[in-house]
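Novice: Residues or ranges marked as ATP binding site in Swiss-Prot: Gln29, Ser47, Ala48, Thr49, Ala50, Ser51, Gly52, Lys53, Thr54. The domain 'Helicase ATP-binding' annotation in Swiss-Prot covers 34-201. Per Swiss-Prot, the feature motif 'DEAH box' maps to 146-149; the stated evidence is sequence analysis. Among the features that Swiss-Prot reports, domain 'Helicase C-terminal' is placed at 233-435.
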Amino acid sequence: MNIEELPLPSLLRDFLISKRGIRTLYPPQEEAIRAGLLNGENILMVSATASGKTLLAEVAAVNNVLVNDKKSLVAVPLKALAFEKLNDFNTYSELGIRVAASTGDYNSEDKWLGSYDVIITTYEKLDSLLRLKPSWIWNVGQLIIDEIHFINDDERGPIIESIVAKLRMLNLNPQIIGLSATIGNPEELANWLNAKLVKSDWRPVSLREGVYHKGVVTYVNDGEKRISGQGDSLINLTVDTLNDGGQVLVFSSSRQGAVRIARKLAEYICSSPVRYIDPGEAGKLAEEVRETSSSRILAEELTGLIKCGVSFHHAGLELEVRRVIEEGFRRGVLRVLASTTTLAAGVNLPARRVIVNEYRRYEPGYGFIEIPVMEYKQMAGRAGRPGLDPYGEAIIIVSSKDEVDYVIDKYIKSPPEYVKSNFMNPTSLKFHTLSAVASQYAETIDELVKFTSNTFAGFQGKLSAMIQANSVRRMISRIIDELVDYGFIIRNGDKLEATEVGAVVNRMYLDPDTAHVFIMGLRNLNSDADLNAYSLMLVVKSPKIPKVKVRRNELDELAQQAASMWSSIPLKPSDVDELVNYPEDYEDFLSEFKTAMALLEWINESNEDQIMKTYDVQPGDLRVLSDQAEWLIGALQELARTLGLSGNVVNGLRALRYRVKYGVNDELLELVVNLEGVGRVRARALYAAGYRSIEDLAKANVSDLTRIRGIGDKIAGSIIEQAHQLVKDGRVIKFNESTVKGKTRRGGGGLLDHMY
């Protein structure tokens, strides 16, 4: 099918042909068009990576905006993917399409999004918006759910289900387009979505899959190939591809494994007499990584590898560094990338040969377990660059001959696992039950049962039988009892209503169990506690905070340190002596304590390398940790305000939230909060030079500021201009001493005194 044949507005059709160079559709794209994609039909598209799902979603979204004058929502699982989609959709800006991405601030309605046509969010952010119901939500005509196989995920899956259920309860009836490469039961998922299924195995580049053992690749339906070389499997497979002009993507089950692989391959490539890279381009990329990274340690490691045309890639690297590395691989400057499986989750980064280094990974408490088939399919889907590679290869390395046939049958010949709902697990059901009541999607248990029936769980046979047997009603009733006990919901006859506190818990996107723990911690807050340490040790109890692993040789030191800070530890173990003896039960507590200490180092301006050395928290992990902690400290602040705690506590939490966000001491808050382009390093330099307020900077000259290390003419001009405008408009945000010190005295007669 040609683009000229599509029922599209002429300006979109002309744009696709003249600017994007697209004249014909791939077979799966044509099938989706014939199924009614451009006519408002719900579509579930399950097709291989690089088969055109992304382009089709873009065309459908832009068409919806131009033809129907409606907004299009694009929901993705990861922040990194949201910004990749933002870049993709921004190419349509010359058609007048306004595109925005929103991934954080769960308690904000984001009214500003009303000015945009295509809105890209994470699943969580979209669910939070549907709780708040901003006015623009009523003009949504389309929902695109990217990577919809995440419905199988324990945490994100129920959120996808909640989004669909809420849209149905609002009677918005937007067109729903689900996209995935790997679903074992797409018919069932399509039926739940009331969607037409477009399923295709077609690929623009053929895929050869095989298993490697002792120098031989056994392909499925394609015989065997002997790989020349001595000894190491990874080196042999990598060099075989490089000699043929291809790139290699190696997947490892762990970060340490990815780093080890990158080191080994870089050493071989750099010592090889064969020239595989352009040294000049590799040097430029290495320098860009050095300038982007906040960690000198990681920058040194990466630049050495990149100069050999190799890099590693995992979530411990900052997002900005990962983007530089990804772009270097796309441009062919990097020939080999060693990554954890997180790279397979949606980021568009294909290679000639994909190598799966191991099909088992270590899970604490379980030992080594086999990866899911779906995960392998996601990795294998990265093989083959359309327009660049004549074929793609996905090869799994095994250590014994007996594994060859087993792995072929298990991973290559088998379909991915069925996706299933996780909505009915107690934690998820409690979270979404409070949401349904507090956001007025349901006011009775009957309506909650109806809400649940709109989820994927409600569609699947097991839950249907449970509804008929009234067991779902009993589950929901028990959860309501618990939410009433927590003080989040009240009963008024058959009617259910969120309390003021319950409404805050819902608006802040807290799960009820975590909110209950927070309230208990606020109740126990006393004047002896250091508010910052106490609050950080309270929020790290949330399951949303990734915990720092404790090594056995750290237990004694951490236990002693915790004992020395006993008055600032909320909801602590009952006996200091028991803690010092660190029985097994206390290891989780010490992990929380270590995590809080890492955050304390961050807000006290320790540099990223020092935090990484002391706490084994890499820069990317630190960003995630600070992002999550900022959100949870903000939630704690709102709870403290609602519960009637003193203004000093509320203001202290407000200051702490910003300190966690920016990683600064309290004296720098005014600079980092008010000024764009001024982070912790630049703010400290300004402060040390005597510029301690916005008013000081408003009086400065460019020549004064450029004497400060790290500040050039452009940055200096921007800082002064911002400061002038803020002072002129009276918009300077101030943090006085009582605000930042955050005394812990509780207010009297507040809601907290009546809840427990």
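Every residue, even glycine, has its Cβ placed from backbone N, Cα and C.
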Novice: Using an 8 Å cut-off from the Cβ centroid of Gln29, Ser47, Ala48, Thr49, Ala50, Ser51, Gly52, Lys53, Thr54, can you name the remaining same-chain residues around the ATP site, in sequence order?
Specialist: Tyr26, Pro28, Leu56, Ala181, Pro204
Novice: Using a 10 Å cut-off, grab the number of neighbouring Cβ atoms around the Cβ of Thr54 (ATP binding site), all chains included.
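Specialist: Its Cβ has 17 other Cβ atoms within 10 Å.
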Novice: Count the Cβ atoms, other than its own, that fall within 10 Å of the Cβ of Ala48 (ATP binding site), considering every protein chain shown.
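Specialist: Looking across every protein chain shown, the total is 23.
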Novice: So how many other Cβ atoms are close to Ala50 (ATP binding site), meaning within 10 Å of its Cβ?
Specialist: 22
Novice: Relative to the Cβ of Gln29 (ATP binding site), which residues of the same chain, six or more apart in sequence, are found under 8 Å away?
Specialist: Met1, Ser51, Gly52, Leu55, Leu56
Novice: Report the DSSP secondary-structure composition of the motif 'DEAH box' (146-149) as helix, strand and coil residue counts.
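Specialist: Counts, helix then strand then coil: 2 helix, 0 strand, 2 coil.
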Novice: Could you tell me the maximum Cα-Cα distance in Å between the residues recorded as binding ATP, namely Gln29, Ser47, Ala48, Thr49, Ala50, Ser51, Gly52, Lys53, Thr54, rounded to a whole number?
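Specialist: Farthest-apart Cα atoms in Gln29, Ser47, Ala48, Thr49, Ala50, Ser51, Gly52, Lys53, Thr54 are separated by 13 Å.
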